[in-house]
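Record features (Swiss-Prot):
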BINDING   172, 173, 174, 175, 176, 177, 178, 179  ATP binding site
SITE      373  site 'Required for activity'
């Protein structure tokens, strides 16, 4: 076997070369220590250079957000499984603020507030990220809200219209149909999506905060069944998640929407619901030992919602003309809209749709209280056709509610009041809709116009909805030209209005009420009986003709 020999000169040369190329480097890393932890909150000593809202890394790759920056310690919210965080563990700075991945790859997916998929469909490929805490668009970067966003719900589109870039609050007690109203608004965007025109398409984001997992799964199933998941993203922070996730979820949905808005696209975000986000933030603040205020909420709970909802905007044409429309949901107790969180959000938003439990229990669904529901954008967010036919609808319904309450105590009513009550009852019936069945704006315009013309006055109240459905089917066949002329919400001219009434009169001749009676407008002449004839005085004028 050959003997391996290395000369001393070779060894010396190798060492000299190594030492000549070596440059000593030193890195400085701040390390903190967990001093105590409970309920998703950790107090960390050290880390003197940490920034507000900076991401911190706990053992096992678990992240936290630095919220409290005290002189000697940091109060951090743990994002994820906090059960394994223990006293004495090391915590490191990341130097990053919280951000989420964004992009079209999120359409059709269900994610958590960190942007991670939780639907079992694999990873989401995205090269872009967006910080959760970003300044909202300034006044000069916006333009007035004038483009309608159709919800497909007659009562909303006619009386409390929503525009692209608006913030419209949906408020009411639990189990009054708040989520159903917002899901209908998402479903109604399907026709716009199928056009392929980005100026018409609306991408939707549904943010579920503190709901049961089964409820979120039900919403996803409803969207899939109607083919709406292809343009929708669900951000889920169910009740089983930590308070930190519930606090962050709305900001995640808003960040994803802002990314599309600044690309010149249109976005609809549903926050379901912000009451639970406020409760989660209250829990975080109390655990961080922040001083409590009214109803034990921290002093900055108004800022929690205002900085979120101010991101909704209709951008100027110079920035692409994109929009972000927000439908925040707030849950009340015993219809009390004067509580702390409801009044806060009412003052931030551009109007509210108030759903009343009494109306819901009476079968009026959607259970919208017309009296205190309002849109501060108003007719500017309506199409010309809808604006023309719905002008008096709110007033008629408000007068009907008032007269209805009065008639409960009045023993006798005049004919005009009775007619107003009859018309009002039919209008209420006409505005009822089944869940997950939005109505195109053309059908809404036709129905509301014909109701104003008194077409439904002769129809029994119980048959109004069946009459409307069959009438619209018939009009689509016999008056298709009228529908073409008002497509997209254009105004109804005199000739088309006359054609609608004539086609409706023909249909009424064939329609049978549930009791088998006809509903034609003309009152049939009744023959006088013998007694009435006997009491009549008949004057006969005789004329004499002289020869």
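Backbone N, Cα and C define each Cβ position, glycine as well.
Features recorded in Swiss-Prot, as mapped to the structure shown.
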residue : record                       : DSSP class
172     : ATP binding site             : strand
177     : ATP binding site             : coil
373     : site 'Required for activity' : coil
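Sequence-distant neighbours of residue 179 (ATP binding site) (same chain, 6+ residues apart, CB-CB distance under 8 A): 219, 272, 329. Across the structure, residue 373 (site 'Required for activity') and residue 178 (ATP binding site) place their CA atoms 13 angstrom apart. Each of the binding-site residues 172, 177 was assessed for Cβ neighbours inside 10 Å, and the highest tally belongs to 172. The Cβ neighbour count for residue 174 (ATP binding site), using a 10 Å radius over every protein chain in view, is 11. Summary: among the recorded positions (175, 176, 178, 373), the fewest other C-beta atoms within 10 A of the C-beta are counted at 175. Sequence-distant neighbours of residue 173 (ATP binding site) (same chain, six or more apart, CB under 8 Å from its CB) are 331, 332, 333, 334, 335, 355, 356, 357, listed in sequence order.
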